[in-house]
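Per TrEMBL, these features apply:
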- 62-73: compositional bias 'Basic and acidic residues' (COMPBIAS)
- 50-83: region 'Disordered' (REGION)
- 140-181: repeat 'WD' (REPEAT)
- 182-216: repeat 'WD' (REPEAT)
- 268-291: repeat 'WD' (REPEAT)
- 402-420: repeat 'WD' (REPEAT)
- 427-468: repeat 'WD' (REPEAT)
- 470-504: repeat 'WD' (REPEAT)
Amino acid sequence: HPPNARPQNQTMVLTDRQRTDLHAGIYEYLVSRGPDFADVAKALAAADPDACQSKSNDTGDDASKTPPNDHRMAHPCSKRNGPPSLRVLDLEKQLAANAKHHAHRNAALGIDATADMAGGGSSGGRERRFLPRQPCTHTLQSHSAGISALSVHPVYTMTASGSEDGTIKLWDYESGDYMRTLRGHTNVVTGVDFSPSGMYLVSCSTDLSVKIWEVKDSFGCVRTLRGHDHTVSDVRFVPPALGAIYLNGGGEKTGGGGVDAASAQAKFVVTASRDGTVKFWDLETGFCDATVSDHGDWVRCLAVRGARGSAGGGEESKESDAADGAENATDSLALVASSGNDRTIYVYNAYDKREKVAELRGHDHVVESLSFLCTSMLPQERKISTTASARTKSSTSSPWDYLASASRDRTVRLWSVSNGGSCLMTFRAHENWVRGVLVHPSGNYVLSCGDDRSIRVFDVKSNRCLRTIEEAHPHFVTCITMHHTLPIMISGGVDNSVKCWQLD
């Protein structure tokens, strides 16, 4: 015989149990096919009556059926039930991974993590990294020009992409399916952002307008905001203040245009413009509530962060806040950061006259992107520190205070906004302009993308580049975003495509 050929008289070697299971499965399949296969089923039953007795002798009498201890019917995970059991195992594995994933991120934010359903506990979750890996899971292509902005829905597996073609497209990043296109802007879409509830999407454009879209039923534009004198570069929903009455929803619409602060779980949006201003807009009235003019040049990017603390305001909370010290005074504030061509990063309190909290300087070129800790914009409950050691730990820089910035000087900087702000570290690994940045939900990593076509992961503890995805896009990578609980990252590029990356 040829070296790789099987002799004609050689048969597949099966154990008695394997052969019995195989015949039983074939017999059940033939019986399920109806009368057309009845003769074949009878022939198989006659050839191997032991394997087929559970069906061929089934007369409705329980005594004639296969005994309960028969190996073919003893356990739902038998080989005849292979596909369903494999599906169950996959779901159990995914559930365990998600439990560790949530424990990992909650622990990083100082929230009490629930017990891991898989038995690993929160400590096991903290060991998981959840970083993007190659290859990407989906490449979403429908835009006719480069991608300029991305946002991930906080509830559904939906992502929105804004493009230089003037359109906004909605995608299902889990299946990779295109959902719909939102049309209304007449020029490049420069920013998109979902509201904390996911009920609304806000977008801005070089056509000087800001549009608010309802993304649950009609997917229509419900309000247009105008007031900037030049290109609107970025837009974000402002996180709610602690104890805001509209957090629980159910409020009535007090303004025209169909925008409801209760259902949006946000009362304001903030915009940055090439006219050098940052504006705060009231969602319900559509009026500009405040204008900040500290920047002396084009304001290109924004970042927002929700307040962190106890909304109840009890005596125990007040004592804890006092013990935390002045350095963590910003924890209870919702913050807005802005920067651009003047290379200076300004951090403001989102409420109370929008006073300046920090002024950060250090970049040598235009700042392209900003990011606070990637988490939900809703206020987070903070664990109350009662021991001296806990108080000492809370007074140091924590991931909640992190602000990351990306610049054309090819660097990524990590800042602390407490106590007036300070630069914690500078990452130098990109070979060209850095266009997008985000702080990992764990607070352990900073992710960035740039014109060197790469996506890079920096380790905060070791101050080094931990992972590099070379050629993440065939052209410049312009933006990245990540869901605050689900293991998914989205990137967009000049190649007109959106890519979805699974996190390991």
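Cβ atoms here come from the backbone N, Cα and C positions, even for glycine.
By the count of Cβ pairs under 8 Å, the stretch nearest in packing to the repeat 'WD' (182-216) among 268-291, 402-420, 427-468, 470-504 is 268-291. Summed and averaged per residue, pLDDT over the repeat 'WD' (470-504) gives 94. By the count of Cβ pairs under 8 Å, the stretch nearest in packing to the repeat 'WD' (470-504) among 140-181, 268-291, 402-420 is 140-181. Counting C-beta pairs under 8 angstroms (sequence separation of 6 or more), the repeat 'WD' (402-420) reaches the repeat 'WD' (427-468) with 3 or more such pairs. Note on the repeat 'WD' (268-291): DSSP counts are 0 helix, 15 strand, 9 coil. Below 8 angstroms of C-beta separation, residues 187-194, 196-198, 201, 203, 205, 213, 215, 219, 234, 376, 475-476, 478-484, 486, 488, 490-500 of the same chain, each at least six residues beyond the ends of the repeat 'WD' (140-181), sit close to that stretch. Within the chain, the repeat 'WD' (268-291) has long-range Cβ neighbours (under 8 A, six or more residues past its boundaries) at 193, 202, 204, 210, 212, 223, 225, 227-238, 253-257, 259-261, 297-302, 304, 336, 338, 340, 348, 350, 353-354.
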